[in-house]
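Database features (TrEMBL):
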type: TRANSMEM; residues: 21-41; note: transmembrane segment
type: TRANSMEM; residues: 53-73; note: transmembrane segment
type: TRANSMEM; residues: 85-107; note: transmembrane segment
type: TRANSMEM; residues: 113-131; note: transmembrane segment
type: TRANSMEM; residues: 143-161; note: transmembrane segment
type: TRANSMEM; residues: 181-202; note: transmembrane segment
type: DOMAIN; residues: 212-256; note: domain 'PAS'
type: DOMAIN; residues: 347-569; note: domain 'Histidine kinase'
Amino acid sequence: MSYSRRTNEFERDKLELPLRWITRILWVGIVILLPGSIFLLNVDFGLFHQGALYLLIVTVVIFIVNSINTYSLHFRGRAPSTPALRTLLTANIVLMQFLFAVAVSITGGIDSLAVHVFHAVTFITISAFTSRGVILTSLNGSLLLALLYTLEHFGILPHFARFEDPNMGIYGNGFATFVNAFATILWIEIVAIFAALIGRIIKRREDVILEERHRISAIIQYLPDGILLLNTNNRLIFMNPSAENIIGIPAEKTLNHIFHPQHREQYPGRLYDLLFTQPRAPEENIPVSGPPSFEYVVGSKDRERYFEVTPLAVAEANGTPMGRMIIIHDITREKLIEKLKSEFISVAAHQLRTPLTAVKWSLQMVRDGDIGPLNEEQRQMLDKGFVSNQRMINLVNDLLDASRIEEGRFKYQPQQLDPLELLNSVAQEFEHVFKERGIVFNMSIPKTKIPFIYADPQKIRMVFQNLIDNATRYTKKSGRITVTLDYDSNNGAVDFSVADTGVGIPENQKPQIFSKFFRGENVVRMQTEGSGLGLFIVKNIVEEHGGTIRFDSQVNVGTTFYVVLPTSSARQQRIRAVQQPTP
């Protein structure tokens, strides 16, 4: 809804509300005045008979005007415009002032206490008119009273004495009449001026509020993110155009509708999912920069739109809950860039691996003397080239593995696997590294038999190769590495741990340790080699096998990684439980 339309509705409300109240009051007045005036006409009370005639005429006028009010507000085909409402309200206020003047006249004129009802008009105009309108309306009432008092003083209009004793009246004393009339009118004007000042203050506050409302409304209306707002009863009270476009339903069809989480079949699937899907809790050791959210995909294959949906609790300034706001952010561009990046890495890695492999075998042939004998210096140079080439091949393989994981193409071939045999095999691969670096390596194996796990041998081997390789890479000479294997019979799991006495992980970087391409600042300063992909791959492999991985670390003390994998029987039970159809 546009700002001008909202402002116009606000102005209409300020005019329509007092007009409705005036209409109701006038109908009540008609019900009271009509039988009263007819009764007084049939009773000979002198001047009261003439007063009753006044009342009857006034009642007829009220009936005509109020019929126009009722028709305009309730029975007209369309709602009256703001100028029409302002004109109608002004006419009613002038009529009320005239009626109040008649009431003052027949209840004692200048002696009447009914003069105070003129203040009611002032209070009505505060909310509907500007300060100038309040003053002008008050002046109109004052002129009516001054005219009434003057006409009664000179006998042009009859004076309905408030007291039976005519000597108690003040019209016989011109000065007293003037003073009383002046004081009455002055009091009415003072109240009107004060009311006008209050009205001006209120108007300024309204202008400030409307300006802020316009600013916020403009921001939300043109915001590319979809915004939905529900109150505490799950009534949808706001939907911006972006949300309409995303959901595909006009706001008019859903606004003010109460949504129940249990009645999914009553709502379009997209709207229900956006309103009631719960975001996943953030994983341990994963950095979170904002409130929990979930990803929502719209569209068919190759034409998908991706959205990040964030539900937020909304509260007033004092903390009282107001409801929920749901922000729908389009992340299609980011997803496309991420996909293109992964595809580029995959293609580049594939293109690199073939020549690197060819170089590797060529170097190997030369090292083995297939082309001819080598002296020691030549052999050392070839060894360095071979090692560097192998590192590049390992990096390319890591890039390809990371790309396959993200694209869901990292295939697993699980089978029954002896974890102890696997761990011994991996440890043997690093024996020469331990000797070269002077690292003390220990393995802690329980005496009880370790049950098999159901896993892909190649992928699980990669897990322990990465963990032990990191431990050797970041542990200084004469350090210690301890690999522990244990069986948790209570949870049906095999527990692995790799502990080192290396450089450790800084506290502020722990949440990022499993992120792709991340390397700690302290290890970068050591100028150690690494791609920052190993732990990313390890975490995905472990979780794909139904396991968990965590770590403890202290800078300059060491790091311990803990891997928990379900036993073969426990894993297969979980698989059957997932595949079993729900009743």
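Cβ atoms here come from the backbone N, Cα and C positions, even for glycine.
Nonlocal intrachain contacts for the transmembrane segment (85-107), taken as residues 6+ away from its ends with a CB within less than 8 angstroms of a stretch CB, comprise 12, 15-16, 18-19, 22-23, 26, 29, 51, 54-55, 58, 61-62, 65, 68-69, 72, 113-115, 117-118, 120-121, 124-125, 128, 137, 140-141, 144-145, 148, 152, 157, 160, 162.
Sequence-distant contacts of the transmembrane segment (113-131) (same chain, six or more residues past either end, CB-CB distance under 8 Å): 14-15, 17-18, 21-22, 86, 89, 93, 96-97, 100, 103-104, 107, 137-138, 141, 145, 184, 188, 191-192, 195-200, 202-203.
Confidence annotation: the domain 'PAS' (212-256) carries a mean pLDDT of 84 in the model. Sorting each residue of the domain 'PAS' (212-256) by its DSSP state yields 20 helix, 11 strand, 14 coil.
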